[in-house]
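*Asks:* What Swiss-Prot shows for this protein is this:
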ACT_SITE  PRO2  active site, schiff-base intermediate with DNA
ACT_SITE  GLU3  active site, proton donor
ACT_SITE  LYS58  active site, proton donor
ACT_SITE  ARG265  active site, proton donor
BINDING   HIS93, ARG111, ARG156  DNA binding site
ZN_FING   241-275  zinc finger
Amino acid sequence: MPELPEVEVTRRGIEPFVAGRRVERVDVRTAMLRWPVPAGLAEQLRAREVLAVERRGKYLLFEVDAGWFIVHLGMTGTLRVLPAAGVPVAAKHDHIDWIFDEFVLRFRDPRRFGAVLWHPREAGDVHAHPLLASLGVEPFSPAFTGALLHARTRGRTVSVKQALLAGDMVVGVGNIYASESLFRAGIRPTTAAGKVSLPRYERLADAVRATLADAIERGGSTLRDFVGSNGESGYFQLDCFVYDRAGQPCRVCGTPIRQIVQGQRSTYYCPTCQR
C-alpha cells in the first residue's frame, strides 16, 4: 500500500505539471472505486485551473477555484503523467483520466481500493472533510514531537508499533516505516506504548522524520505495484535495516533479524539493537 513517502513522491512528480494548468475534460471509466466517484465530477472540473496540489496524510488534495478533488491511492493505485500526444489506450485498470492541454493525468488501480472524491468550497475547508478531520499530525510539522507521542500514549498497553500505525497521533507511518523507525530509535516494537520514556520518544520522533525523508529521497518503496508519476519504481526497500530481512544479519551488529506478527502484519526487528 502506498504510504506517506510514496504519496509525497507522487505529489512532487505531479505538481509541476498540473499547478497553473486547466483541466480540459475528465474521462471517468469506472464509477465505483472504494466509494462511488461523484457523478458530477467531470462537469465540476471542466475548464478549472488547478491552483495547488497538497498532501494530507495519504490523501492528495487538488485545489481548484470551486473546491478540491481528493485522491487516495488505496492498496495498488498510481497516478501517472502521460504525454497527450500518443497517450496509450486506457487499459482495464485505468479508471480516470484528467486531460490537460499537453498531458494526461491517469489514475490506475487494479484492486479498486483507491478513491476519487469531491469537496465543494461552500462545504468549508477541505481539512474538515470527514476523512481528514481526525488524522494525526504531519510528521514533518513542528507539532510532531517526542513530547506529543509521550503524552498521547500514557496508560496505553497497545504496542508502540501498533500505536504508530493507528494514524491518530501521526499520519503516514505505515508498516515498513514503523519497523524502520523503531530500529533507528532502538525501541523493540512489542514494547507497550505507555512504557516508552520521553527521551526514547524524542529519539523515535527524530527517527520517524529521518526514515520518511530518506524514503522520499529514494522515491518511496516498491514492493509490488507502486511507481511514481513518471513510471519509475522506488528504491528505499533496498536500504531497509530490518523490514523483510528475517534471518539475515543486522546491518549494525550482525544478529539475525527476527520476524513476528502484530495485528495481522509482519514486524521485523533486531533483538540486540532494539530493547
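Sequential numbering from 1, following the chain as shown.
The backbone N, Cα and C atoms fix where each Cβ goes, glycine too.
Give me the local environment of each listed feature.
*Replies:* DSSP assigns PRO2 (active site, schiff-base intermediate with DNA) to coil in the three-state reduction, outside any helix or strand.
Annotation for GLU3 (active site, proton donor): same-chain Cβ neighbours under 8 Å, separated by at least 6 residues, are LYS58, GLY172, VAL173, GLY174, ASN175, ILE176, TYR177, GLY220, SER221.
Taken residue by residue with DSSP, LYS58 (active site, proton donor) is part of neither helix nor strand, so it is coil. Around the Cβ of LYS58 (active site, proton donor), 21 further Cβ atoms fall within 10 Å across all displayed protein chains.
According to its DSSP assignment, ARG265 (active site, proton donor) is in a strand.
Around ARG111 (DNA binding site), the same-chain residues six or more apart in sequence whose CB sits under 8 Å from its CB are GLY74, MET75, THR76, listed in sequence order.
Here the zinc finger (241-275) has Cβ contacts under 8 Å with residues 159, 161-162, 165, 175-176, 179-180, 182-184, 186-190, 223 of the same chain, all six or more residues outside its ends.
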*Asks:* Pop the Cα-Cα gap between HIS93 (DNA binding site) and ARG265 (active site, proton donor) into the table, whole Å please.
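*Replies:* Their Cα atoms are separated by 27 Å.
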*Asks:* Under the DSSP assignment, what numbers of helix, strand and coil residues are found in the zinc finger (241-275)?
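*Replies:* The zinc finger (241-275) comes out at 0 helix, 12 strand, 23 coil.
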*Asks:* On the three-state reduction of DSSP, what should I expect for ARG111 (DNA binding site)?
*Replies:* coil
